[in-house]
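Note sheet for the following structure.
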Amino acid sequence: MKTLVLLSALILLAYQVQTDPIQNTDEETNTEEQPGEDDQAVSVSFGGQEGSALHEKLSRDLICLCRNRRCNRGELFYGTCAGPFLRCCRRRR
């Protein structure tokens with residue numbers, strides 16, 4: 001089960017990397033969305049003992065938020081949240 005979850009996350013991540021542009025021009029950077037009303041934090045939980053071990057490992061290394069439309073710069077797509085939201089994560093510094 002863990003393997004299936006990790007494999008599907010990697011496939012979704014590869015798909016997002018292919019669809020996002022690699023570099024932003026100065027014009028695109030100026031019009032980039034700022035965090036605000038569209039961003040909503042949603043708690044995500046996994047059931048069972050295996051799920052909580054996976055959640056614990058992810059939460060140590062990543063900071064994740066649920067975004068309305070797309071992930072911000074520096075964040076990667078890690079699946080979906082409740083409803084139409086995208087789960088976007090970045091590495092903890």
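Keep in mind that glycine also has a Cβ here, set from the backbone N, Cα and C atoms.
So that you can see what the record holds, here are the features copied from Swiss-Prot:
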COMPBIAS  25-40  compositional bias 'Acidic residues'
DISULFID  CYS64-CYS89  disulfide bond
DISULFID  CYS66-CYS81  disulfide bond
DISULFID  CYS71-CYS88  disulfide bond
REGION    22-43  region 'Disordered'
SIGNAL    1-19  signal peptide
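Taking the features listed in Swiss-Prot, we show where each one sits on the structure.
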residue: CYS64; record: disulfide bond; DSSP (3 states): strand
residue: CYS71; record: disulfide bond; DSSP (3 states): coil
residue: CYS81; record: disulfide bond; DSSP (3 states): coil
residue: CYS88; record: disulfide bond; DSSP (3 states): strand
Original post:
Over all shown protein chains, what is the count of other CB atoms within 10 A of the CB belonging to CYS88 (disulfide bond)?
Top reply: 23
Original post:
Counting every protein chain present, what is the number of Cβ atoms, excluding its own, within 10 Å of the Cβ of CYS64 (disulfide bond)?
Top reply: 20
Original post:
Nearest to CYS71 (disulfide bond) by Cα, among CYS64, CYS81, CYS89 (disulfide-bonded residues)?
Top reply: CYS89
Original post:
How many whole Å apart are the CA atoms of CYS64 (disulfide bond) and CYS88 (disulfide bond)?
Top reply: 5
Original post:
Expressed to the nearest Å, what is the distance separating CYS81 (disulfide bond) and CYS88 (disulfide bond) at their Cα atoms?
Top reply: 9
**OP:** Pop the Cα-Cα gap between CYS88 (disulfide bond) and CYS66 (disulfide bond) into the table, whole Å please.
**Re:** 6
Original post:
If you draw a 10 Å sphere on the Cβ of CYS89 (disulfide bond), how many other Cβ atoms land inside?
Top reply: 19
